[in-house]
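Asker: Pasting a structure here, questions to come.
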Amino acid sequence: MKQSHFFAHLSRLKLINRWPLMRNVRTENVSEHSLQVAMVAHALAAIKNRKFGGQVNAERIALLAMYHDASEVLTGDLPTPVKYFNSQIAQEYKAIEKIAQQKLVDMVPDELRDIFAPLIDEHAYSEEEKSVVKQADALCAYLKCLEELSAGNNEFLLAKTRLEKTLASRRSEEMDYFMAVFVPSFHLSLDEISQDSPL
């Protein structure tokens, strides 16, 4: 049997820090970000289905979200101001991401490739799946801003404002529900979120 370096590469996502140009009270790596995006994307899909008549596969969306930044293990996490400095850079970075995604897919053993390729290659996502994952990704970045700001780090103030605009542009009923029901707790301390349910 031929060896594959696929999961050895993915395990290194924990070594790539997000927000590299920002001073962080607590650093966040791509691996933990991906888990949070997967949880939030799953919640958005479940809310969409249960409350607003959606027909999306919540489990598949959670998997897509789990792998949505996998290519960063080869490209690194390019800071947003650099990535979107102009349309040419954004377009070139998309091309680099596509190459990195294909390189990861090529690491998967042949007999498993048809399982993992549609999770890593974002071109295999439906528009609706892509939309939910993008909403979750932006929501998690927004939540990171709230956490940093609540810890007194004003470095994230402009990022929060920028992300509020992004969230407004990606707005959906399920996101509105998530924002109303779950996000307010991110402004509270551990004692405040624990007092209703003591152990």
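Positions of Cβ are set from backbone N, Cα and C atoms, glycine also.
Okay, so Swiss-Prot annotates it like this:
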BINDING   R18, W19, H33, D69, D77, L78, P79, T80, D137  substrate binding site
BINDING   H33, H68, D69, D137  divalent metal cation binding site
DOMAIN    30-142  domain 'HD'
SITE      R18  site 'Appears to be important in orienting the phosphate for catalysis'
Asker: Between P79 (substrate binding site) and D69 (divalent metal cation binding site), find the distance joining the two CA atoms and give it rounded to the nearest Å.
Answerer: 13
Asker: Report, in whole Å, the straight Cα-to-Cα distance of D77 (substrate binding site) from H68 (divalent metal cation binding site).
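Answerer: Distance (Cα to Cα, whole Å): 12 Å.
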Asker: Between R18 (substrate binding site) and D69 (divalent metal cation binding site), how many Å separate their Cα atoms?
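Answerer: About 11 Å separates the two Cα atoms.
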Asker: In whole Å, note down how far the CA of D69 (divalent metal cation binding site) lies from the CA of D137 (substrate binding site).
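Answerer: With distance taken Cα to Cα, D69 (divalent metal cation binding site) is 10 Å from D137 (substrate binding site).
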Asker: If I take the alpha carbons of D77 (substrate binding site) and D69 (divalent metal cation binding site), what is the distance between them in whole Å?
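Answerer: Here the two Cα atoms lie 9 Å apart.
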Asker: Determine, to the nearest whole angstrom, how far the Cα atom of H33 (substrate binding site) is from the Cα atom of D69 (divalent metal cation binding site).
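Answerer: About 9 Å separate the Cα atoms of these two residues.
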Asker: Using a 10 Å radius around its CB, how many other CB atoms surround D137 (substrate binding site)?
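Answerer: Other Cβ atoms found within 10 Å: 21.
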Asker: Can you tell me how the residues of the domain 'HD' (30-142) break down into helix, strand and coil by DSSP?
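Answerer: Reading the DSSP string over the domain 'HD' (30-142) gives 91 helix, 0 strand, 22 coil.
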